[in-house]
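If you check TrEMBL, you get these features:
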type	residues	note
DOMAIN	30-226	domain 'Cytochrome b561'
TRANSMEM	27-51	transmembrane segment
TRANSMEM	63-81	transmembrane segment
TRANSMEM	101-119	transmembrane segment
TRANSMEM	131-155	transmembrane segment
TRANSMEM	167-188	transmembrane segment
TRANSMEM	200-223	transmembrane segment
Ligand code: HEM
């Protein structure tokens, strides 16, 4: 092969890999844009519903605080860690981690206050799917925050402990957004909400949207878990390597 042929082949390969990475980046950024639009839409509808009453009592505050906490701050707190999150695209990794910690703390404060307000209002507790799943979401988010604080001191612990603390932090974080999404979907089926939307199937559309953006928010976690499983399988199948 002549010198010019070699150069042209390597230039073609370079061009192809550049094209692929542009395609991958475009797909990731599009998913991120769609996710942000769906989150804002859902949070907006819930806040309009909560504010549609003449008086804002504990029930309405509960809706505003829980939806803002879980579906806005917690989801943004997870997405900020992604390389392809639009509003944090040009931030350094360390700054993205700091913002993650701040957003998660705000989220946990909001959802704890929001849940306590409604628990104080009711006489019988956790007797609905919405309420009991909401309680599980609160427990997992508190556990995730506690683990997140432990991760900050991780360099003082052994490598194995660090791995498990981080893993539990990721798992509980993802569980809390799935559980809160489940609780929210159950809330959309509450009669008063369906009547407010006019019983024309808006609740089903909101359930679909909530499920979709929750899966999109957790995409990085599934990729990370998939990688760990692949590595574990590889080390089991090739113990001598
Ligand atoms: C992710 C968001 C939400 C979470 C995690 C959540 C969580 C909770 C929790 C923990 C309770 C207390 C249950 C008890 O003491 O038995 C509760 C009650 C309640 N929530 Fe929510 N909530 C959310 C959003 C909403 C929304 C959007 C609505 C209205 C459309 C709503 C309506 C109610 C009602 C009517 C109750 C009292 C009856 C029941 O327990 O089912 N919630 N919620």
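Even glycines carry a Cβ here, placed using N, Cα and C.
TrEMBL does not curate its annotations; it predicts them automatically.
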With a Cβ cut-off under 8 Å, give me the same-chain residues at least six positions beyond the ends of the transmembrane segment (63-81) that come close to it.
32, 35-36, 39, 42-43, 46-47, 49-51, 56, 88, 96-97, 99-100, 103-104, 106-111, 113-115, 117, 134, 137, 141, 173-174, 176-177, 180-181, 184, 187, 210, 213-214, 217-218, 220-221
Counting only residues at least 6 beyond its ends, the same-chain positions whose CB falls under 8 A of a CB in the transmembrane segment (167-188) are 42, 46, 63, 66-67, 70-71, 74-75, 78, 104, 111, 128-131, 133-134, 136-137, 140-141, 143-144, 147-148, 150-151, 194, 203, 206-207, 210-211, 214, 217-218, 221, 224-225
Can you name the far-off residues of the same chain, 6+ from the ends of the transmembrane segment (101-119), with a Cβ under 8 Å from a Cβ of it?
58-59, 61-66, 68-70, 72-74, 76-77, 80, 125, 134-135, 137-138, 141-142, 144-145, 148, 152, 173, 180
